[in-house]
Amino acid sequence: MAADDGDPTNFAAIYDSSSPSHPLLSKPSTSALDSPRRSDPESDPTQFLQISYNFGPRTFKDIPFLLLFDLLVLSTFGFGIFSLFHRNSDYGSSSSFTYDFHSSSCVKNSTFTKISDGYHSSVMYGMVSSSDPVFEKDLIWTLVVTLILSLPFCFSVLLLLKHYTKQIVYACLPLFVLFPIFFNLYWFVACTLSASCSDALPLAYRILVLVFVFLIIGIIVWIIVANWHRIELTIQIISVASDALSKNLKLFVVLPLLTLGLVVYYVPIVVFLVFARFNGKFVPRELDSHYFCEWKEDSWVPAYYALAILTMLWSLAVMVEMQVYVISGAIAQWYFSKEDSVPKKCIRSSLRNAFGQSFGTICVSGLLICIVRVVRAIVDNAREENPQGIVNLVLRCCANALLGALDYLNKFTINFAAITGEAYCTSAKMTYELLRRNLLSAVFVETVSTRILTGIVFVLSAAYAVATWAVLRGVTNLGIDSYLVAILAWLLLIVVLAFFVHVLDDVIDTIYVCYAIDRDKGDVCKQEVHEVYVHLPISRSTRSSLIPNALNA
């Protein structure tokens with residue numbers, strides 16, 4: 001990128017000066033950009049002059065949603081414990097019950113119970129003993145080694161992105177295309193040479209799949225070419241985010257522990273769901289003048305399933321938003337700290353706020369995300385089952401518009417709440433006003449960084465999968481099963497690296513909000529961030545609304 005592009009004075013016609021001596025919120029009479037601000041009393045910038053990270057004590061926000069979430073969790077565990085102690089031990093033993101004509105009910109026959117138990121035990125033993133121990137051993141060891149290596153692998157990628165971002169990006173860009181081409185040609189040739197694969201997949205179908213994959217590769221090439229002018233800016237954004245993340249390495253310990261905590265939290269709920277099915281009894285049923293015994297669940301069991309599933313979905317969304325909150329709090333403390341100092345216990349304070357005063361705000365954000373995901377899944381499923389009809393088309397358009405509005409509302413809200421400690425609705429409004437006042441987009445315009453990071457993850461994990469396959473072919477006798485083990489190792493590593501990309505994306509969004517706060521105050525807390533983020537495009541809607549005012553001035 002040209003050197004003159006990094007000078008903030010070149011953007012004076014669009015942005016106010018970023019110098020502290022000339023604050024962004026000053027109102028010179030000759031400025032055309034201040035006309036819409038004076039005409040809109042609701043966007044008075046003076047009410048947001050003191051936006052910064054709230055290091056002081058915070059108050060509890062969004063308490064009703066906090067109480068609602070706690071009520072759902074307590075109800076799920078309460079009814080789950082009840083189902084555990086109220087279960088019927090005869091569940092699954094329908095053959096041991098016979099219809100008694102004298103009492104008009106189902107009566108248990110103890111003889112069938114022993115036979116049934118012995119039969120099920122022998123079946124389970126046969127299923128376990130029929131598995132291949134060699135394949136299982138190699139698979140388990142490969143996945144364990146991959147999981148152990150994934151942590152230093154992530155650290156290595158972070159350090160490389162911090163110090164050699166440009167080299168890594170330009171080295172991986174050709175591989176975004178070459179790797180898919182290699183795998184596409186490799187499977188085609190291998191399937192052609194294999195008699196079993198050729199019989200299962202005729203030549204016409206193989207050619208069709210080959211051409212389809214090449215079309216996808218062509219789309220990837222088009223995306224790279226269309227966004228080539230933004231590569232340099234993306235490289236700088238990734239470098240800044242990697243540097244910020246490297247100053248908070250404890251996040252790589254805290255975030256997996258939060259995920260592990262969610263898994264531990266899920267375990268008893270899953271157990272409760274299993275034992276909830278055991279609540280019921282055998283009832284007689286007539287079919288073609290014959291009576292037999294059928295298991296009937298208690299009437300409250302389906303309602304408990306709905307309650308438990310809703311609690312699990314909301315808890316998952318809450319955990320995702322809590323991770324974003326912790327990341328945003330830690331990164332914001334680093335951003336607003338002094339140049340040469342790293343704040344102590346920043347992650348601990350973010351965790352304390354997340355599980356304390358701001359937990360209700362996180363519950364609100366998680367509930368909205370949960371609703372959006374569920375409704376979107378329902379809309380997609382309805383589109384696949386019944387795509388015909390103008391009514392369905394209108395309903396889908398309305399649903400997509402509503403879901404888009406919720407996504408628009410939720411964008412950056414939890415980041416802002418982590419910085420200021422405000423309630424959800426207040427944070428959403430203040431974030432929108434903050435970005436609009438400073439001519440920034442309320443939807444982050446820099447999406448190329450996510451695509452490039454995803455491509456880097458694919459390239460690195462694919463290279464690891466190829467190396468794993470080569471090692472397995474050399475030291476084991478798995479044969480064709482080595483492909484399956486290598487694919488599973490690739491999937492495991494790509495999941496871990498995708499989590500790393502997710503964290504880095506949250507860091508980029510947090511720095512974006514912090515940069516907007518800096519611009520709003522006319523301050524520069526991190527000069528290296530301003531030198532990069534100043535090149536981001538301004539909001540198109542704001543730009544179009546300012547052009548007539550500039551002409552009239």
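Every residue number used here counts from 1 along the chain in the order it is shown.
Using N, Cα and C of the backbone, Cβ positions are placed for all residues, glycine too.
Automated prediction, rather than curation, is the source of TrEMBL annotations.
If you look up TrEMBL, you'll see 17-31 marked as compositional bias 'Low complexity'. The region 'Disordered' annotation in TrEMBL covers 1-45. Per TrEMBL, transmembrane segment is recorded for 65-85, 139-161, 168-187, 207-228, 249-275, 304-337, 452-472, 484-504.
When each of the listed stretches 65-85, 139-161, 304-337 is scored by C-beta pairs under 8 angstroms to the transmembrane segment (452-472), 139-161 comes out highest. By the Cβ criterion (under 8 Å, sequence separation of 6 or more), the transmembrane segment (139-161) is in contact with the transmembrane segment (484-504), since 3+ such pairs are found. The transmembrane segment (304-337) and the transmembrane segment (65-85) are in contact, since at least 3 Cβ pairs between them lie under 8 Å (pairs 6 or more apart in sequence).
Counting Cβ pairs closer than 8 Å to the transmembrane segment (207-228), the top stretch among 168-187, 249-275, 484-504 is 168-187.
When Cβ-Cβ distances below 8 Å are used as the criterion, the transmembrane segment (249-275) is approached by residues 76-77, 79-81, 83-84, 87, 151, 154-155, 304-305, 308, 311-312, 315-316, 319, 322-323, 326-327, 330, 347, 351, 499, 503 of the same chain, each at least six residues removed from its ends.
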